[in-house]
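One structure is given below, encoded as structure tokens.
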Amino acid sequence: MAMNTLQKLCVVCSKCNECAMDVECLKYCDPNIVSMDSTAFRRNGVMVIHLYRTLYPALVSQNAVQTSVLTLYMEMLLQGLYDTMREIDMALTDFGTHRDRQRYYRRVLKLDSCNRHESITITFAPELALTIDLATLNDVERLLCKINCVYGAVDASQGVAVCRRLLSLLARLCDICPVAGPEIYRETVTCFQCYEELMAVPNQGRSINRRMQGLLCDHITIKKVLVQLDMDAQAVEQDMGDIAIRAPSVKGIIRAIKSLASFSPASYAYINDAEEALRGYNLFSEIPDRIYSLSDYTYWSKTSEAIVRHVGITMRQLNVSHSLWKTLRTELSRYHYGEDLEDVFTLGEGRFGGDERIYVGSIFAAPGKVVDMITSMSIKSFENNPLFNRLHESNEIYAKIKSLIEEIRGVGDGPAAGAARSRAEAASGAGAGGEEGAGAAAGRGNTGGDEGAGTTTAMSSALECGDPLLRVHDVNKEVNVRKRAYLKKVSEMGYNKVMACIRNQEHLVTKLVNVNLVGTVCLEAVSKIMNGFLSRQRSITEAETYPDVAESLGYDEHLYVINNLVHKRLPSELLPQLGQQIYRFINGPMFTHYLDRHPLPYNVNMAYACDNAGILPHVKEDLVRCADGTVVPSDWMTVGYMGFFRFADIRELNDLQKMVWAHIRELVLSVALYNETFGKQLALWRVEDGDEIGDGIILTYNPESPLILRRGDRSYRSRDLYLLLYKHLSVDSETLADAGSRASVADLCQVERPGPIAEQRSSTQNVKKKRKRMSLLELVRDVDGAGGDDLVPPCLYK
């Protein structure tokens with residue numbers, strides 16, 4: 001089966017990604033080695049130039065009409081590949097002359113300039129313009145969410161220009177490398193996908209801002225664990241093949257790396273021995289005191305291990321491993337090229353020592369191991385805090401476990417030996433004097449006689465004092481029991497808090513240290529917003545070919561429609577549905593969950609847009625009041641003649657937003673009242689609806705031609721809503737009238753009152769109507785009595 005154009009483009013994108021990754025790695029390689037074997041580089045460069053001259057112009061043309069994440073990304077990638085490969089080629093030519101590696105790296109890595117900042121100015125009105133500074137991927141995503149909320153107030157041409165500048169900034173931030181640099185994103189700033197994920201789970205009574213605090217975003221950049229340290233040495237040994245035989249020193253280095261990676265500390269080996277000793281005991285076994293103590297200490301040691309992660313690599317091992325890998329690289333370089341390798345990571349290598357390797361990083365250390373080491377070092381530093389003395393007892397616990405195991409092995413191991421020993425101890429205790437031995441056996445831990453002697457002395461002293469309460473109650477013993485219980489509870493609570501804190505911080509360190517790939521969130525947002533502005537831009541060109549109803553209609557027709565609507569009232573049961581329509585037209589094109597398989601209502605999409613844009617609560621309240629609407633037309637009919645979507649003398653963005661909301665509310669409610677009054681089914685559409693648009697009024701958001709009336713194969717434009725409604729009446733009358741009597745609405749208004757409806761039916765039997773025939777007199781009369789017996793044009797019931 002032949003591939004379509006989209007599939008072919010995906011294949012080309014995959015190959016370009018592979019080439020981009022190789023070129024990005026080439027930036028950090030020794031230029032002397034690259035110059036020796038540059039055949040593949042130049043061959044790929046020729047292919048990139050060919051794609052740039054043939055495919056790139058087509059992508060730019062496509063993105064000027066309709067965008068997608070793939071076409072936008074391909075445009076960025078081809079432009080970046082072309083510029084990068086040209087820069088590397090010129091830098092290699094320059095290196096052949098001056099032989100200065102540092103100069104080469106500064107040019108290729110662009111260390112002497114910074115082009116990762118952008119200031120964008122958006123003009124909303126002649127006296128209202130805002131400037132936004134951008135420096136990270138998070139800033140781009142947040143700006144697009146804000147533009148989505150003021151979508152109707154931004155000019156279409158300006159919106160497309162802003163999206164193009166944002167795309168250019170994304171290209172500079174990401175370059176051609178799929179791995180995101182740590183300076184181009186902020187992991188603690190959430191995106192709109194983080195918000196949508198939180199909305200899918202119960203909020204448990206917490207606000208969205210509180211739930212998003214401390215949340216790490218894994219959408220703008222996606223965390224990937226790509227390297228496993230334990231597998232590196234084996235994989236390198238397999239790749240080298242015969243080199244290990246011809247270069248004996250290489251084989252010895254690999255053997256040292258393997259032994260270093262497999263090393264694990266032996267200080268906690270007694271835990272395994274303790275578990276083996278405890279495995280022979282069950283619920284029905286007689287448990288000796290030593291076994292009970294061994295189980296108790298093993299439990300506490302595991303509790304400590306739940307907090308302190310004992311990793312298989314220490315700081316010294318990390319430095320030794322880095323040194324061994326560096327030596328291996330040098331040996332391979334001498335074998336292949338006859339000289340030492342000096343890449344960008346070699347510069348300043350001797351300056352780092354101690355724990356600095358963690359913070360600088362190593363190309364030979366797996367990120368997961370570094371994360372474990374940072375966690376372990378943090379816990380060791382935390383253990384030095386005297387407020388948590390329990391953590392200092394870890395070594396004592398292991399020492400006690402060791403001594404118990406040695407005692408058990410000395411007298412015999414297993415349940416049988418333990419039972420015999422227990423019986424012997426019980427017999428000796430009974431023979432020695434009864435109650436003291438029984439008390440020690442019952443106490444499990446009170447194996448010595450000093451505590452019993454001290455308690456007996458205290459009781460005797462209390463009895464001598466004559467306190468009757470102390471004769472039947474040991475207060476000192478109860479105080480000690482309560483004290484131990486309290487300390488245990490506080491200790492458990494402290495451990496839980498420490499574990500939660502460490503777990504959260506470990507997530508942050510993992511996000512920072514591991515490889516993060518650039519996500520598609522920003523490109524998705526740019527594509528949606530840009531497609532909306534492109535649709536509006538196309539509608540401007542198309543509207544110029546449509547007749548303007550203002551050329552044939554005037555202010556009288558405008559007043560005629562208003563006078564027929566202003567005394568009516570909307571049915572209150574329609575307000576919830578109309579409120580949803582208001583939210584639909586106020587919201588931008590970024591959140592379209594009403595098109596999902598399981599669609600969400602328009603108000604939920606609007607809530608997503610407001611929360612991600614950071615709209616203040618009192619502004620949200622104003623929006624809700626606007627969308628709730630009223631049944632009285634005088635409350636929403638505020639737009640003047642020929643003034644729809646024309647905003648003058650606006651100096652505050654909040655005022656501009658409210659005016660946009662008011663215009664959209666008037667559009668939705670006036671059309672609904674028009675349908676109720678005149679018995680029509682006039683629909684409303686957004687300009688972004690595309691092929692789904694049918695007959696009705698199309699909102700373009702453009703001040704030049706904000707409204708377009710489509711009726712069959714004819715379309716009209718206007719800046720006045722009520723002129724379009726009058727035109728719709730006229731077009732409907734022409735459709736229903738006979739072919740020989742196509743009079744205008746104004747002429748039909750002068751016709752005498754027709755006879756009964758029954759006499760009119762004979763002239764309309766051959767006319768196909770969309771709705772059930774009914775008495776139009778009741779439709780057009782003023783039901784509130786304000787209009788008396790006045791009627792609307794007779795054309796409505798012909």
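Note: Cβ is positioned from N, Cα and C throughout, glycine not excepted.
Per Swiss-Prot, the feature zinc finger maps to 191-219. Only residues 6 or more beyond the boundaries of the zinc finger (191-219), in the same chain, are considered here, and those with a CB under 8 A from a CB of the stretch are 138, 141, 145, 504, 507-508, 511, 519, 521, 525, 590-591, 608, 611-612.
Residues or ranges marked as compositional bias 'Low complexity' by Swiss-Prot: 416-429.
Positions annotated as region 'Disordered' by Swiss-Prot: 416-458.
What Swiss-Prot lists as compositional bias 'Gly residues' is 430-452.
Cβ contacts within 10 Å of T677 (ATP binding site), excluding its own Cβ and spanning all protein chains shown: 19. Among the features that Swiss-Prot reports, ATP binding site is placed at Y674, N675, E676, T677, F678, G679, K680, Q681, with the record citing sequence analysis.
Under a cutoff of 8 A between CB atoms, and with a sequence separation of 6+ in the same chain, the neighbours of N675 (ATP binding site) are Q681, L682.
Look at G679 (ATP binding site): DSSP puts it in coil.
If you count neighbouring Cβ atoms within 10 Å for each of the binding-site residues Y674, F678, the highest count belongs to Y674. Cβ contacts within 10 Å of K680 (ATP binding site), excluding its own Cβ and spanning all protein chains shown: 18. Each residue in the zinc finger (191-219) gets a DSSP state, and the totals come to 13 helix, 0 strand, 16 coil. Taking all protein chains in view, 9 other C-beta atoms sit within 10 angstroms of the C-beta of Q681 (ATP binding site). Highlighted in sequence order, L673, L682 have their Cβ within 8 Å of the centre of the Cβ atoms of Y674, N675, E676, T677, F678, G679, K680, Q681, the residues recorded for ATP, and are not part of that set.
The Cβ neighbour count for G679 (ATP binding site), using a 10 Å radius and every protein chain shown, is 16.
Within its own chain, E676 (ATP binding site) has K568, L570, P571, L574 as residues 6 or more apart in sequence whose C-beta sits under 8 angstroms from its own. Y674 (ATP binding site) falls within a helical segment according to DSSP.
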